[in-house]
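> My questions will all concern the structure given below.
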Amino acid sequence: METAFYLSGLVAILATLRVITHTNPVHALLYLIVSLISVAMVFFALGAPFAGALEIIVYAGAIMVLFVFVVMMLNLGGAAVAQERTWLRPSTWLGPALLALLLLGVLAFDLWRSDGGRTIAGELLTAKAVGMTLFGPWLIAVELAALLLLAALVTASHVGRLASRAGAGTTPGEERS
Amino acid sequence: MTPAALLALSPLAIVAATILGVLLGIAWRRQHAATAVVTGVGLGLALSVLPLAWRMAPLATPLLVVDGLALFAMALILVAALACTTLGHAYLEHYRGAREEFYLLLLSAAAGAMVLAMSRHLASLFLGLELLSMPLYGMLAYAYHERRSLEAGIKYLLLSAAASAFLLFGMALLYAQTGQLDLAALTAGLAGRPGGWGLAGAGLMLVGLGFKLSVVPFHLWTPDVYEGGPGPAATFLATASKVAVFVVVLRLVTTAPAFQAEAMGAILAALALASMLVGNLLALRQANLKRLLGYSSIAHFGYLMLVLVVAGDLAVESGGVYLVTYLVTTLSAFGVVTLLSSPHGGEDAAALHHYRGLFWRHPYLAGVLTVSLLSLAGIPFTAGFIGKFYLLALGVEAQRWWLVAGIVLGSAIGLYYYLRVMVTLYLVEPGMRRRDVAVDWGGRAGGVVVAGLALVTILLGVYPAPMIAWVRELSVLAGG
């Protein structure tokens, strides 16, 4: 299992590096998906299957597919690649890199003097507890949230309809989608 | 969940099932009339199972409670939603573009209002409020190719989101103080001294809910949104939405001690007085009937806030009576405006000059509008008189002289602008602007509903005993 952990960690780092340096957005996003999946693998290797599953379902599954879809719809061509290349200058990435370095320092410091158990005091909120509450006494809240999302979706789809189609003489039934 | 709880929540379940039914129906085939009928049947069915739920009351689940107050509010909400459905059918008949989504949004908003009326937990309160507001954005912006309708939708969306942020922050403060979200547990946690955080939380929640009620410092959105929104949407906003929010505020005030603190009572009284006066004074110079009704609704909720200030058994009862009369009257007034408007001809026919000489073209519609305006003004033999009488009696008994003076003064000012509209209805002028409804308006469902509402307004004014008995019976259970 240890080799799996190190291998997927390495893949995650390399893939993420390519996400940043790649100048074609679609390829960069594909690398990001690989990176997210390898992070999920890291979770599995560490014995946190729920977090790993969530990582795949939510990030790699839903959000990234949406990203790729939108980027493909925007149909960015060679101009975007050139633009991305000009953006990759030290002045752009120096700030975020420093901040990330600070976080890395904190992490390294923590790992170095790892005496364990030095977490913030409090109840551990497990996935099981969340699920038991949501689908036990709070079941109605989940259902209501679903209705709320449905209403928001219908509102957005109605108002987002092209004005020319709604305004100028479409017969009802033609707009079915 | 026990069978009793399922039965008690069946009205909500029926409305939710109707939403899904309408959704699937739209996906399969667009049929305006059929969609309206399904919506109406669903709402009617939910209304008819209310007595069954009444047998189970009072009953509490972790998030929702079914008691007298909730059932009372649900009945009003369902009646308002039914009226909006029929009005919507008349209004959308000539609308080019998708018409069926409106019913879906209307049903969702009704479900949200019902949840709000039943909520006994801050989570369900927030979810209900959002479920009520979210479809309303869509309903207000429904005729989005009209600039004003879109403006109304966006305005309501932005301001309502800000109000929701206040509400959430208030809830967070209450949670920080007590560690509870349940209303009953909150009450226990705040018992004795509410403390600074608790009081601040209650105040912030009041800001959020006061926005939805358009109480005076938070009222700025009201006239614009009422004017711009399509008729049925504005009707729903003015009736069902306000009833639901008022009921939840009433529940908060009667159960949570943070809302009964001395400072809170003074703030509520000041807001009430400001709403009565500002609402009525701003309505004086309006040349647009929908704006005028918007300002008048601000004033009416100012009157109603007397109930929150006094907060007792009689207060709940008089609040109930006033809500019934307000609902019936406002539904018929907005109904006439909706029937006279048609979206394909541009904005809604709300400018007062559209109504000049209405009596000579449509005597029945003019009669309905006259009755509802008289009732809004609180003239005897109309429902509005009974409601106002109750409030005055309540104010005198609790010796809130300032508020009583506010109601009297507000009604006096109100009489002036209501009468001004009424006079316009009967004026004759050569070459007057014509903005006609379909000739057979009486035969259409919308016309029947409006005429029926006017009849109910008079009936309640002449013979209010059954309504009072009903409200009293329900309000006995309110504490449960």
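FYI, residue positions are counted from 1 along the chain as it appears here.
Yeah, the Cβs are placed from backbone N, Cα and C, and that goes for glycine too.
Please treat TrEMBL annotations as automatic predictions, because they have not gone through curation.
Features from TrEMBL:
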type	residues	note
DOMAIN	B:119-413	domain 'NADH:quinone oxidoreductase/Mrp antiporter transmembrane'
TRANSMEM	B:6-28	transmembrane segment
TRANSMEM	B:35-57	transmembrane segment
TRANSMEM	B:69-90	transmembrane segment
TRANSMEM	B:125-144	transmembrane segment
TRANSMEM	B:156-176	transmembrane segment
TRANSMEM	B:196-221	transmembrane segment
TRANSMEM	B:233-253	transmembrane segment
TRANSMEM	B:265-285	transmembrane segment
TRANSMEM	B:323-342	transmembrane segment
TRANSMEM	B:363-381	transmembrane segment
TRANSMEM	B:401-428	transmembrane segment
TRANSMEM	B:448-471	transmembrane segment
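Provide an account of the burial state, proximal residues and distances for the features listed.
With a cut-off of 8 Å between Cβ atoms, the residues of this chain six or more beyond the transmembrane segment (B:6-28) that come close are 34-35, 38-39, 41-43, 45-47, 49-50, 52-53, 56-57, 59, 61, 64, 66, 74, 78, 100-101, 103-104, 107-108, 110-111, 114-115, 118.
If one looks beyond the transmembrane segment (B:35-57) by at least 6 residues along the same chain, the residues whose Cβ comes under 8 Å of a Cβ in the stretch are 4-5, 7-12, 14-15, 17-18, 21-22, 25-26, 66-68, 70-71, 74-75, 78-79, 81-82, 85-86, 88-89, 99-100, 103, 106-107, 110, 477, 480.
Residues 95, 101-102, 104-106, 108-109, 111-119, 150, 152-154, 156-157, 160, 164, 167-168, 171, 212, 225, 228-230, 232-234, 236-237, 241, 244-245, 248, 343 of the same chain, all 6+ positions outside the transmembrane segment (B:125-144), place their C-beta atoms under 8 angstroms from a C-beta of that stretch.
Tertiary proximity for the transmembrane segment (B:233-253) is limited to same-chain residues at least six positions away from its ends with a CB under 8 Å from its CB atoms, namely 69-70, 72-73, 76-77, 80-81, 83-84, 87, 106, 109-110, 112-114, 116-117, 119-120, 125, 128-129, 132, 136, 139-140, 142, 183, 205-206, 209, 212-214, 225-226, 259-260, 268, 290, 293-294, 297, 301, 304, 307-308, 311, 316, 319, 323, 327, 330-331, 334-335, 338.
Residues 203, 206, 210, 215-217, 219, 223, 253, 292, 295-303, 305-306, 308-309, 400, 402-403, 406-407, 409-410, 413-414, 416-417 of the same chain, all 6+ positions outside the transmembrane segment (B:265-285), place their C-beta atoms under 8 angstroms from a C-beta of that stretch.
Long-range contacts of the transmembrane segment (B:448-471) within the same chain, counting only residues at least 6 positions beyond its ends with a Cβ under 8 Å from a Cβ of the stretch, are 72, 83, 86-87, 317, 320-321, 324-325, 328-329, 331-332, 335-336, 339, 364-365, 367-368, 371-372, 375, 380-386, 442.
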> Which one, B:156-176, B:323-342, B:401-428, has the most C-beta pairs under 8 Å toward the transmembrane segment (B:69-90)?
B:323-342
> Taking residues 6+ outside the transmembrane segment (B:196-221), which of them lie with a CB under 8 Å of any CB in it?
129, 133, 155-156, 159-160, 162-178, 190, 241-242, 245-246, 248-249, 252, 256, 258-259, 261, 263-264, 267-268, 271-272, 274-275, 278-279, 294, 297-298, 301-302, 305
